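Colleague: My questions will all concern the structure given below.
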């Protein structure tokens, strides 16, 4: 392996002239493709060649994980006396690593230098034929095409639809079409009414006690519904434990994505199998009733899409440094589709997780986030015409005296957040030394069982987290009958 590149200079027969009197071939520390287009072609006559003549020294041997590129410079002096200052030919061979091993850190300068050499080769050959000209323009537009594919492939809508259906499956089933959740099942019914927590009740939706013929108001029916609620929650948790541990044992969260974007290589973390398992696993995990969110997994899934689509374009698939640009846009799209906030996704990627974020990546990230939000709005997974499940629409303005309770809520929220963080850190330290922490698979099932046993007696805790938040932040009406 070559951890450094080699510069091999081959000069002509005129060796008496000092090398310092001739211009050097320099590469900027963070090169970009746009710099080559603005270069003045009148200063230097540059030929890009990889062919070696017989009188040239042999190129250094390289392994399969490296690649070599030779740049030949011909300097023609502007003076009229060509005999005194003849032209000189300089061949510079760069040997850079093309592939990295697992758990290695990429070399940003070498990868960006290799990308610039590749771009100059395409640019110099674009007039040779129509095919090479097409390849040149295809390479120039590959970044926009790649982020477009990442935005279109946002699976947030399908994940939300599946999670809502499986969560409602714990309480009952739609007899006319079992693939519909409670809300969709009652759309075609004419006798729809609501319970104490504003859940739809209609003749098409049946609880598990109704299916076996128990009377709705008896104690036996209540305990049977309790048993089915807990059983389905445990089944969901056990299934996802087996699926993830056996097929894609990779952590899902923003810290790992930050590590990869900083230049760390982790094989398999953003692969197609991880994408498939993580998409299914998020549906089962959120449907089991665990107090977990979908924002971190959405970022992970979006980065998996970015990594898979980047392999279709040589500009990004064979260059780890340039691939980070696509991953930064994909991470922003994950936040965009999770919260329905494209601008928030851009700021999240720019300020929180990205280490290399050039100016052109900002516009591509904005384009990718807008496409992702548009796709979610088109799929309409929540049935309200919005890209979020609980849109807020207030017709009456707030009063001045309400500023005081707003401040109080902010203070209480900050205090509660600080206490929660301290309690979480203390529990994590205790968990490492506990017997349950030594068996993470059993821990997930036990926590799901305890959560389901506690949540079912409270009607509001039976709801999914987005449904509960929707009822908490919704505008109050005169005909509301909820205790909230």
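Cβ coordinates come from backbone N, Cα and C, glycine included.
Automatic prediction, not curation, is the source of TrEMBL annotations.
The following feature annotations were taken from TrEMBL:
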type	residues	note
REGION	22-67	region 'Disordered'
COMPBIAS	32-41	compositional bias 'Acidic residues'
TRANSMEM	135-159	transmembrane segment
TRANSMEM	226-248	transmembrane segment
TRANSMEM	260-285	transmembrane segment
TRANSMEM	326-350	transmembrane segment
TRANSMEM	403-421	transmembrane segment
TRANSMEM	442-461	transmembrane segment
Colleague: At least three Cβ pairs under 8 Å linking the transmembrane segment (326-350) and the transmembrane segment (403-421), pairs spaced 6 or more in sequence?
Modeller: no
Colleague: So if I exclude everything within five residues of the ends of the transmembrane segment (226-248), which remaining residues of that chain have a CB under 8 angstroms from its CBs? That is, six or more out.
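Modeller: Beyond its ends, the transmembrane segment (226-248) has Cβ neighbours at 166, 169-171, 208, 268, 273-274, 276-278, 280-281, 284-285, 287-290, 441, 444-445, 447-449, 451-453, 456-457, 462.
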Colleague: Could you tell me what the rest of the chain brings near the transmembrane segment (442-461), counting residues at least six beyond its ends with Cβ under 8 Å?
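Modeller: Those are 195-197, 226, 229-230, 233-234, 236-238, 240-241, 288-291, 436, 468, 471, 484, in sequence order.
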